[in-house]
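S.K.: Below are the features I grabbed from Swiss-Prot:
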- 282-295: compositional bias 'Acidic residues' (COMPBIAS)
- 301-320: compositional bias 'Low complexity' (COMPBIAS)
- 324-344: compositional bias 'Polar residues' (COMPBIAS)
- 277-364: region 'Disordered' (REGION)
- 42-62: transmembrane segment (TRANSMEM)
- 107-127: transmembrane segment (TRANSMEM)
- 139-159: transmembrane segment (TRANSMEM)
- 160-180: transmembrane segment (TRANSMEM)
- 194-214: transmembrane segment (TRANSMEM)
- 225-245: transmembrane segment (TRANSMEM)
- 246-266: transmembrane segment (TRANSMEM)
Amino acid sequence: MPGLPTPRRLVASVNYRRTRTVEDSRMPLTEHLRELRNRVAIALLAFAIAGVVCFIFEPRIFDWLKAPYCDLPASKRFSPDGLAANDCTLYFFGILDAFTIRLKISMIAAVVVSSPVWLYQLWSFITPGLHRHERRWSLTFVGVSLVLFATGAVFAYLTLSTGLGLLLGFGGNGLVSVLDGNRYLSYVQAMLLIFGLSFEVPLLVMMLNLAGIVSTAKLRSWRRPEIFLVFVFAAVVTPSQDPFTMLALGLPMVLLYEVALIIGWLNDRRVARRGDTSPYADLDDDETSPLDFDDAPPRPAASAGPAATATSPGTANPPGTANPPGTANPVGTANPVGTGSSTPVGAGTAPVSPSTDVTHGDIT
């Protein structure tokens, strides 16, 4: 008939709906391992291809990494006789150092270039196990974390020249620094990684606040010790350990931390307006939360149909009532005298043994 779905279309619609349920999206462990193997293989393949391409363009990448050192004045760079005053050559002192430097630069660049592929594979493997709101929040936090890491790495690259100039300026009096290319590359790599990860700390604080683990009031009460610990952290983790690099890392972290406090304060106001505060939010950190078992919902009582009920052993029918069809009085009981109740004919009464006592007399 027109307007009605055909059986094939109806079955296809049902199958499409069933594939979207949680039960049908579950897979055995072997399927998960097989999917993980395939996604890891794709990520490694993308990394290998990016590594080959980056190895070809390694001289340009190395010139970009060497630019902060080349921006220093000639008085702070080692320029032996026969080289121009504006030369910024880095040196290596081992047989395999030149190849190691090129390989290290290619691998670092390959990780960055292939990051969209392996991040997508990681996201596709984790996403099926998340709910819709968890996917939304996780996607937001992943995007923000990538932006913060890239911002920290760029900020570290911009401050490399000033930090190097300050450190190499302590030479003089016949002391000239001859930079090893391998050590210089390790220094740049450590600075980019430390600044990028340090810029993620405010995001971690904001996640703890949104999860309800810590409130903004608690964080504000600890503000002075937290700022002090931030600068101590900046002084310890920076490879150069000079005051400029410490301030270059500590001040942005404090600024981002204040931004995280503002976002947490707005979240606390939203939660308080909705009335979603925890009943244990006012408890002290050392105080145990009470266990209340009175709020547990009562268990529903088991019910049975009226036709399947029968008198329990040792009881008799109420006055004026009769046994239901197909039932009999329990052994050892009888209907009360004068109640007018009787067992219907053919109701299937249970046989009475000779030793059973009956109300009308004993059967011998």
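Numbers here mean position along the shown chain, with the first residue as 1.
Just so it is clear, glycine is given a Cβ too, placed from its N, Cα and C backbone atoms.
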S.K.: Count, for each of 107-127, 194-214, 225-245, 246-266, the Cβ pairs lying under 8 Å from the transmembrane segment (42-62), and report the range with the highest count.
M.R.: 107-127
S.K.: State the residues, same chain only, that lie 6 or more residues beyond the ends of the transmembrane segment (194-214) and have a CB under 8 A from a CB inside it; answer 'none' if no residue qualifies.
M.R.: 141, 144-145, 148-153, 155-156, 233-234, 237-239, 249, 252-253, 256-257, 259-261, 263-264, 267-268, 271, 278
S.K.: Let me spell it out: take the transmembrane segment (225-245), skip the flanking residues so only those 6+ beyond its ends count, and list any with a Cβ under 8 Å from a Cβ in it.
M.R.: 159, 162-163, 166-167, 187, 190-191, 194, 198, 219, 253-254, 257
